[in-house]
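Asks: Have a look at the structure that comes next, please.
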Amino acid sequence: MLMEMTEMGSSVDRISFFTSLKDLKNYSWGFLAQDVSAGFSVALLSVPQAMAYAMVAGLPLSCGLLAVIFSSLIAATWGSSRHLIVGPSNAIAIMVQSGTSQILFNYFRDLDGPEREWMAVQILTQLTLLVGIFQILVASFKLGRLTQFVSHSVVVGYVVGTAIAIVIDQFYIFLGIPPMEGVHAFYEKAWYLVSHLSQFHLPTLLISLGSLFLIVAFRQKDKRIPGAAIAFGFMAIAVQLMGLNVEGGESFVGERLQQVALVGDTGEVYTGLPALSFPYFNTRILSSVVPVAFAIALMSILESAAVAKSIAAITGQRLSLNQDIFWDWIRKFLWFFSRRSNAYFRK
């Protein structure tokens, strides 16, 4: 019996390059219409969500869009789970933002504006490579099962601690308060926010509260309703009709209200596919990047394993954690050697 269980576990954890072929052979085309509808709904929500995660991570908006596009394609091709949706997540975005901000503060605090954003992307590419190296080592030595021995309280404690820092940054956007210029420590941002609460922007606050209300209301009504997408579209129309867009225009209420900041004001969203090139690599910051990369690699493995296992417990599908870790390394490897034809990704 022990030998059979060992052989079964070995077959399940075996890394394969043709996982999608087996799924296609067993696919029932009667589910195509439902899958197309589900895919469209997920894609509609993923675009603003990916852009939001990029903002949380302190990166250009195009980074979030590229992450969700290529992650989904690679996961569908090489992943072992048929139900796992892959893309940026809250915890990873928080960890990336925390790590890159600390490195920028320690090594590049004199940079600001576009130069700081460019350097953040370069740090991200180096961070991505190291995360991929850690993951390929875990997959090669079939250490995916060791994730079950990691204390859940440790993971939760780290995420909650870093989440508090990121909430401060998001309150600036929620309230419409102009953020501090330059790079500052967490306690400085928190004190500045508290001391400038009276400078909140009323139209921005109303839009934020309205969006939050719609999302919560639709979720309580029926979780199948895409509340985030509805709130996104409704508030975009409201901003346009009320003349709150930056481009101007008369308000339908007959009076021009103060403008609100739009997503486009955070930076230009570049289009087109990335090109391959050897990216930026700085050995001076390596000692600071390695611990962050290890933590992100561990969190990425734990998140994917937790979600995939919870769904597999319902569907009965057999998973290979090492397979999922391996294809995640492929995604990070491609990101490391890709760049866009613009100044942000240029060496």
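The count begins at 1 with the first shown residue.
Note that Cβ sites are derived from N, Cα and C of the backbone, with glycine treated the same way.
These came from TrEMBL, pasted as-is:
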type     : residues : note
DOMAIN   : 32-324   : domain 'SLC26A/SulP transporter'
TRANSMEM : 50-78    : transmembrane segment
TRANSMEM : 90-108   : transmembrane segment
TRANSMEM : 120-143  : transmembrane segment
TRANSMEM : 155-177  : transmembrane segment
TRANSMEM : 197-218  : transmembrane segment
TRANSMEM : 225-244  : transmembrane segment
TRANSMEM : 285-308  : transmembrane segment
Asks: Between the stretches 90-108, 120-143, 197-218, which one has more Cβ pairs under 8 Å with the transmembrane segment (50-78) than any other?
Replies: 90-108
Asks: If we call contact 3 or more Cβ pairs under 8 Å (sequence gap 6 or more), are the transmembrane segment (120-143) and the transmembrane segment (197-218) touching?
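Replies: Counting Cβ pairs under 8 Å (6 or more apart in sequence), the transmembrane segment (120-143) does not reach the transmembrane segment (197-218), since there are fewer than 3.
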